[in-house]
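K.L.:
Below: one structure in structure tokens.
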Amino acid sequence: MEALLQQSRAMCPFLKRSSPNTLRSLATATRPSTSPGGGTMTNLQRIARRCPVMSKALAVQSARMTGTKRFTSSAAGVPGAGAGTPKPTRGSPGKRALHSTGGNGANMSTEFHKGAQQIHPGLSNATRSHVGASATVSGPTPRAPVAAPFDYDAFYNAELQKKHQDKSYRYFNNINRLAQEFPRAHTASKDEKVTVWCSNDYLGMGRNPEVLATMHKTLDTYGAGAGGTRNISGHNQHAVSLENTLAKLHGKEAALVFSSCFVANDATLATLGSKMPDCVILSDSLNHASMIQGIRHSGAKKMVFKHNDLVDLETKLASLPLHVPKIIAFESVYSMCGSIAPIEAICDLADKYGAITFLDEVHAVGMYGPHGAGVAEHLDYEIYASQDTANPLSTKGTVMDRINIITGTLGKAYGCVGGYIAGSAALVDTIRSLAPGFIFTTSLPPATMAGADTAIRYQARHQQDRILQQLHTRAVKQSFKDLDIPVIPNPSHIVPLLVGDAELAKQASDKLLEEHGIYVQAINYPTVPRGEERLRITPTPGHTQELRDHLVEAVNTVWNDLGIKRASDWKAMGGFVGVGVEAAELENQPIWTDAQLNMRPDETLEAAVEREFQAAVPGMKAGGAKAKPVGSIAANPIGASIPVAAAA
């Protein structure tokens, strides 16, 4: 009681200046209430009614007591109390009536209900007698509240119905990629094989012999799982080695591995944004959901700048005081349109306005740069090409060196799973120590980390896969352009075909799969804005000329069958998202130059592809892979065969 009084005095000036004797006297002296039927009141209550805080508390207390009295009267059988109120049923009309799917209410069985009344054998005798007496008290039981409970199933069904109505419901195709027949897969039936044209395993590293051998050996030695979080038995030599490799790849002091890059982005932005005082995060309008989620979780102020718009970004930076901490969050390659950020110019703005940069290289690591470190490395290609690995001493001032935080994935070009951040030792240690997304989750399995480490080292030594993938991408884009099929212009390895309608995109994807044995996933809202629906194609080193010809022929047929707009149609309408806009074509030249792709003067694209593919064959044999074609395309009308990817 004394502790409660001390706490109350700290909050209330009246209690603070009144002595205990005065309070006791006021609390015991009573007089009739001024309210009809209000009984008596203490003098302390009368004084409290004049207090702006206590008067509200007393009003709430009075309302609760009144409600309790009414409920007790109804339970005691007072005539008219609660009479005529129908008992709610799950089958009654309401939200559920809006849906075609119905359901029967779940009823508790009588036997189960009886069993629930039994007294636990562990109770003491005194407690048994008390519980028994309480259970046998005669009289009616209180009625349940008259309001109907929330209909959870109706809520779920309503949300799903919205997705169906706007054609954004996501369907999942059963696609089982075959390691020895890359880029082939079988569907739910092993006899039904298709060619996968939308995988993010961009280089086929998911079936690379060196990676698989490392994973097999590690799995046999160290088992399936890590055994715990990084702090509790889940930290091991594989994590240490992988993080050292990643830090070296990006020329940073340290790196930290997460279960995915979604978690890495979310955890890092949420932690920095919430811990830095008055932090402001400036985010590109096309940023990935993981970054948007992290910014939201941070609670920091957010400013969204127009996609790749340096003027808009600088305007927003200039509006903020120099002393305020600022994070510019953006991506190098935007995966759904293939655009590439002006990284160096953003670094210039960050330096000018006292901001730090957060660069997501998820769709670029393994794909760009002499060692596969991403677009930031690629922008200084010649400097890094002369290095065995990124050397911080000799690469000071390069674009990659200027980036404060780099995030990437192990699950796309490296063919495994997981995500990471790389930066200064102080930054990485801060995230390691404060980010719940890192602290409270199980570490990646040893075999996964060892496999990813091997994949990164492999791609740092070999340019062949990146070059072949880029040549195949050029060939596919050119073939579509020749047939007036609308490719959204971009300088990267992404091939987005504009459809512009959610239902048509789904139909096109279905027809390619069912009639041509080609798997390309439709991309709809919210991944892309409504009206910008598309098919997203990602060539790999394993997509040979026969496979490319089959794809282009099939897409052309589907476009004709469904009457989907051609590039010339979009041009006649004034152009859209770069399609049908000549300036957009000129501005989006490939980031890989002819010289970087080892193309010879006057050499045709197909000749360069064939030469690079043949150059990859000895390496494939040395890696233990078959150099000759394996498997056949069951649904391919041209009867092509699939060679093992050069990535092997």
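Note that Cβ sites are derived from N, Cα and C of the backbone, with glycine treated the same way.
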K.L.:
Per Swiss-Prot, which one of K190, K193, K302, K506 shares the substrate site with R170, S283, T527?
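P.N.:
Of the residues offered, the record points to K302.
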K.L.:
In Swiss-Prot, the pyridoxal 5'-phosphate site includes S335, H363, T441, T442. Which of T271, T398, T407, T409 does it also list there?
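P.N.:
Swiss-Prot names T409 for this pyridoxal 5'-phosphate site.
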K.L.:
According to DSSP, does K302 (substrate binding site) fall in a helix, a strand, or coil?
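P.N.:
Once the DSSP labels are grouped into three classes, K302 (substrate binding site) ends up as strand.
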K.L.:
Write down the Cα-Cα distance for T441 (pyridoxal 5'-phosphate binding site) and S283 (substrate binding site), rounded and given in Å.
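P.N.:
About 27 Å separates the two Cα atoms.
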K.L.:
Which chain-mates of S335 (pyridoxal 5'-phosphate binding site) that are at least 6 residues away have a CB under 8 A from its CB, listed by sequence?
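P.N.:
Looking at Cβ-Cβ distances below 8 Å from S335 (pyridoxal 5'-phosphate binding site), excluding near sequence neighbours, one finds H288, V362, H363, I494, R536.
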K.L.:
Using a 10 angstroms cut-off on Cβ to Cβ distances, just flag whichever of T441, T442, T527 is the loneliest among these binding-site residues.
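P.N.:
If we count Cβ atoms within 10 Å for the binding-site residues T441, T442, T527, the smallest count is at T442.
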K.L.:
Tell me which of the binding-site residues R170, K302, T527 ends up closest to K412 (active site) in space, Cα to Cα.
P.N.:
T527
K.L.:
Given the binding-site residues R170, K302, H363, which one's Cβ is surrounded by the fewest other Cβ atoms within 10 Å?
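P.N.:
Looking at the binding-site residues R170, K302, H363, the Cβ with the fewest others within 10 Å is that of R170.
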K.L.:
Taking Cα atoms as reference points, rank the binding-site residues T409, T441, T442 by distance from T527 (substrate binding site) and give the first.
P.N.:
T409
K.L.:
Could you work out which of the binding-site residues (S283, T409) has its C-beta surrounded by the smallest number of other C-beta atoms within 10 A?
P.N.:
S283
K.L.:
At a 10 Å cut-off from the C-beta of K412 (active site), count the other C-beta atoms across all protein chains.
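P.N.:
I count 25 other Cβ atoms within 10 Å of it.
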